[in-house]
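Contents: one structure, followed by commentary.
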Amino acid sequence: MTQDQLKQAVAQAAVDFILPKLDDKSIVGVGTGSTANCFIDALAKHKGAFDGAVASSEATAARLKGHGIPVYELNTVSDLEFYVDGADESDEHLNLIKGGGAALTREKIVAAVAKTFICIADGSKLVPVLGAFPLPVEVVPMARSHVARQLVKLGGDPVYREGVLTDNGNIIIDVHNMSITNPVELEASINAIVGVVTNGLFAARPADLLLLGTAEGVKTLTR
């Protein structure tokens, strides 16, 4: 199977998992990126089975609306049963690196609200130790140099992602060459740097369920 076929398979598996648990008042949190887009396309076939969605980015909101799925602001939603999103890396404990698409802050907020966070990914994203994929950090622009210096002290090699502004108007610094053996601790340490909005480690709030697309089929991992 190609990577695209694996993404489509896990997206469909996520739809199959949540669909029996949805009703006409349900609102689904939806992530950002190519795998999340596959989920949106699969979910759209059942748009009459739920009320609408909360989007983690402007791009996701546009895709949902393009399918005729109502999009709600998170502040107007009191209950979010599911959040479905992809990942750049996951370890076996379902700690994640996310943010390759620069939507990490909104993704983290929606994940925090959701009762169940379902991560969907192809098998290449499961790694023994996080960090081969550069760790994205969202930063207030005026703090760029200060944050970069602090990231060096933490053992990373920070690289400014040129030409990218987040939906929140901030910049991204990607931290290379880190072997992340304690993701909960590192997430907190980076977030404590003044000028950091958040970073792409989802360890304080990891995924609850990982649907992994492999050549042998979709595998389900839980914490």
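Cβ atoms here come from the backbone N, Cα and C positions, even for glycine.
Site annotation (Swiss-Prot, ligand substrate) includes T32, G33, S34, T35, D85, G86, A87, D88, K98, G99, G100, G101; from K65, K125, K153, the additional listed residue is K125.
In sequence order, A55, S56, S57, A59, T60, D85, G101, A103, R106, E107 are the residues of the chain that are 6 or more apart from T32 (substrate binding site) and have a CB within less than 8 Å of its CB. Close to the recorded substrate site, the chain also has G31, A36, A121: residues not among T32, G33, S34, T35, D85, G86, A87, D88, K98, G99, G100, G101, K125 whose Cβ is within 8 Å of the site's Cβ mean position. In the three-state DSSP reading, D85 (substrate binding site) counts as strand.
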